[in-house]
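A quick write-up on the structure given underneath.
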């Protein structure tokens with residue numbers, strides 16, 4: 001039995017459309033983060049060149065930006081099948097084995113991502129509860145850095161399940 005809402009759309013369709021929009025928004029934030037990190041590194045280069053002074057925060061912030069870019073952009077890339085995939089072995093299998101293997105691999109990916117999201121959430125909540133800070137120049141609160149991990153992994157898990165469902169429909 002499928003839950004139906006207005007205009008005959010299923011609840012699953014509406015939820016997945018919302019997840020897709022969220023993925024697009026987070027991918028946009030990821031792209032903006034890349035632009036900002038690039039600009040910061042460019043300013044660092046100019047500062048060293050013209051003033052002989054380094055902007056000590058740039059390397060640290062660029063590292064944090066890489067973390068955010070990765071986990072905010074990955075769900076969108078998986079949704080659109082724009083991620084790196086090594087499928088040479090699958091392509092050489094008989095067609096009747098390709099779909100079941102693709103489903104198993106997608107479900108395995110979902111399970112790994114769900115486990116990582118859960119564990120990441122536990123770590124993030126511990127960091128928040130105990131007020132842990134990074135031991136770096138800027139000393140940000142650790143949970144602000146790690147919170148992106150469970151979010152990205154959970155959205156990746158959703159995309160892997162959707163991928164498995166799409167394989168079964170073919």
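Easy rule for this one: first residue shown is 1, then count along the chain.
Backbone N, Cα and C atoms are what each Cβ position is placed from, and that goes for glycine too.
TrEMBL: automatically predicted annotations, no manual curation.
Note that the coordinates shown come from a computational prediction; the quantities given were computed from them, not determined experimentally.
Note on TrEMBL: of 27-50, 99-122, the range annotated with the feature transmembrane segment is 99-122. Break the domain 'Tripartite ATP-independent periplasmic transporters DctQ component' (38-164) down by DSSP state and the numbers are 99 helix, 2 strand, 26 coil. Averaged across the domain 'Tripartite ATP-independent periplasmic transporters DctQ component' (38-164), pLDDT for the predicted model comes to 95.
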